[in-house]
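S.K.: Below is a structure I'd like to ask you about.
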Amino acid sequence: MAMASLARRKAYFLTRNVTSSSTDALRFSFSLSRGFASSGSDENDVVIIGGGPGGYVAAIKAAQLGLKTTCIEKRGALGGTCLNVGCIPSKALLHSSHMYHEATHSFANHGIKLGSVEVDLPAMLAQKDNAVKNLTRGIEGLFKKNKVTYVKGYGKFLSPNEVSVETIDGENTVVKGKHIIVATGSDVKSLPGITIDEKKIVSSTGALSLSEVPKKLIVIGAGYIGLEMGSVWGRLGSEVTVVEFAGDIVPSMDGEIRKQFQRSLEKQKMKFMLKTKVVSVDASGDGVKLTVEPAEGGEQTTLEADVVLVSAGRTPFTSGLDLEKIGVETDKAGRILVNERFVTNVSGVYAIGDVIPGPMLAHKAEEDGVACVEFIAGKHGHVDYDKVPGVVYTHPEVASVGKTEEQLKKEGVSYKVGKFPFMANSRAKAIDNAEGLVKILADKETDKILGVHIMSPNAGELIHEAVLAINYDASSEDIARVCHAHPTMSEALKEAAMATYDKAIHI
């Protein structure tokens, strides 16, 4: 089975690399000829605007491929939103707040008795900040190691081959490149009539640095970020209410998993107001007052909070780049349009990550960056957005890859389902952390795995066996016949696979 999957994989790559349109092929051929033509010593092979996960990874990969590379970053600190005010600091606070919650709620069950347990918020925030600083410096070290030129400033296009940079030192310089990649990421999506001051009305950035634990926190938006930050402050003592316009939390999640996930969060005292519209926000007093009404209209009510977190999604960040000056096309959502080689409609200009269609995820941006510069260097890049994993880093975590059951029904695909609860997993029971399940969706005729959804502690780590399986067209029987160490949480994935193609053993 594994050899057959490998053969299919090779055939896929060979087919994919010769099926681009003649227009794209000519454009790519032209860009390659320009990419390796002789030029002045001040011209780069590759210039990247943006030093986030997509941009800095693209810069390092380009340099490793022998291309003279410059990366421009306006923040003055590499890592983008993810490292500075997103993925990394939020995970630091999620871990710290979970440790506090365990100390106050679970230690006694394990025979560990403590006196009083207190939150030292300044120390907790300092630990988060130190993690960010160390990682940022680490990326700068990687730039030096790989001889990537780092320019700190705000870049905008002068032409398809020139970027004007207002440096953080107040100077102006022009950076030239044969290939320019836009990797400027995304920004917080605003809501009409709501002004974010990062004090009482905060974005995810402000929610990472609150000076005290709010007694009442209202989260507008029940997506990944809102639920994670709500979890942080809820564990530390906030009364958290989530207001969501849609009828479900995390709409992209598998429906069955979503329902169990919401019940789990409700047991943690997180409250939900679904199908609810925010009409207005008043922050003129000591706290914040929200006027809300049913999404379909109806009687209005008022909610009060100390802090409101606006977490209604993110939008591509392309303002000030002067894309229109060089004629780069965007869609209605402001995303830059590219072909399968990440080339825009302007020859020599590329775009990756959150500024183009696809999942707005740091790891997706990294894969875009690698694939893009591989194409520029004459190699073969590849990113399959249908096989990008997603993780909600609450407790329990929820991780998924591939299709949901709702998507398969909509597409008319015949499928079978295998599930296994962690209540029947020996390791989960031994550590008294057995909430959740593994759910596998496979093609009814071929047994090919189509989607995997996990709700459990460390689901974000467990999902990658499924990611690898889906990328190599494995069947549920393939996973079921692989020996998994005992006792481990990963055995739940094996058992769910057994339940998919035949029968599980331990339930």
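Every residue gets a Cβ built from N, Cα and C, even glycine.
What TrEMBL records for this protein is below:
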ACT_SITE  His486  active site, proton acceptor
BINDING   Lys91, Gly155, Thr184, Gly185, Ser186, Asp354, Met360, Leu361, Ala362, His363  FAD binding site
BINDING   Gly221, Ala222, Gly223, Tyr224, Ile225, Gly226, Leu227, Glu228, Glu244, Gly313  NAD(+) binding site
DISULFID  Cys82-Cys87  disulfide bond
DOMAIN    45-369  domain 'FAD/NAD(P)-binding'
DOMAIN    388-497  domain 'Pyridine nucleotide-disulphide oxidoreductase dimerisation'
S.K.: Compare all C-alpha positions of Lys91, Gly155, Thr184, Gly185, Ser186, Asp354, Met360, Leu361, Ala362, His363, the record's FAD binders, and send over the largest distance in angstrom.
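M.R.: Overall maximum Cα spacing for these binding residues reaches 30 Å.
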S.K.: Highest Cβ count within 10 Å among the binding-site residues Gly221, Gly223: which residue is it?
M.R.: Gly221
S.K.: So how far apart do the NAD(+) binders Gly221, Ala222, Gly223, Tyr224, Ile225, Gly226, Leu227, Glu228, Glu244, Gly313 get, largest Cα to Cα in Å?
M.R.: 15
S.K.: Would you find the one among the recorded positions Cys87, Leu227, Met360, Ala362 whose Cβ has the most company, meaning other Cβ atoms within 10 Å?
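M.R.: Its Cβ has the most other Cβ atoms within 10 Å: Leu227.
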S.K.: Taking the recorded NAD(+) site as Gly221, Ala222, Gly223, Tyr224, Ile225, Gly226, Leu227, Glu228, Glu244, Gly313, identify the other residues of that chain whose CB atom sits within 8 Å of the mean position of the site's CB atoms, giving them in sequence order.
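M.R.: Same chain, not in Gly221, Ala222, Gly223, Tyr224, Ile225, Gly226, Leu227, Glu228, Glu244, Gly313, Cβ within 8 Å: Val219, Gly230, Val242, Ile249, Val250, Ser311.
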S.K.: Nearest to Cys87 (disulfide bond) by Cα distance: which of the binding-site residues Thr184, Gly221, Ile225, Met360 is it?
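M.R.: Result: the closest of the binding-site residues to Cys87 (disulfide bond) is Ile225.
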S.K.: Considering the binding-site residues Thr184, Ser186, which residue's Cβ sits among the greatest number of other Cβ atoms within 10 Å?
M.R.: Thr184
S.K.: Could you state the CA-to-CA distance between Ala362 (FAD binding site) and Leu227 (NAD(+) binding site) to the nearest Å?
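M.R.: Approximately 18 Å lies between the Cα of Ala362 (FAD binding site) and that of Leu227 (NAD(+) binding site).
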S.K.: Round to a whole number and give the Cα-to-Cα distance in Å for the pair Leu227 (NAD(+) binding site) and Met360 (FAD binding site).
M.R.: 17
